[in-house]
């Protein structure tokens, strides 16, 4: 009986270590807007599309994040009309902390502009298209209430120690491994 308990204990311990150390299938990427230059006013009129060019070279998906690095500036999320006019009286989001992290909560088109007068007109604006998930969850055929899509999440985050790449993959651990862990626990306890 003692050897059997020890075997199950060892199996449980090894399994727990494997479950907690193996990344789940969900990955997200953090993109540093503008690469090493950050969120700045383009130096010339010829570069007024530099952020849209940067965005078009990347693929964005739900749960990815954008990191805006800047000084004496701001980041606004606005409607398409406000993007085109470079003016917003009621942005969906405003931040001016110098290090803004934006998480894509749902697929769609997002419009970003600088809130500093004249910066957007000189090209400090960007359109980002976020792709839908490959295997979207089935939606009900009808619902009793039509709820609007949740607003994007914005957070302020400390700077990482280095910025050698414009984008990096961040594996998410934990919750997707929970069912496997619970099955293993039941097996060990009741076998």
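Using N, Cα and C of the backbone, Cβ positions are placed for all residues, glycine too.
When TrEMBL is compared with the stretches 149-169, 170-190, the one noted as transmembrane segment is 170-190. Residue counts for the domain 'Phytocyanin' (29-132) by DSSP state, with H, G and I taken as helix and E and B as strand, are 19 helix, 36 strand, 49 coil.
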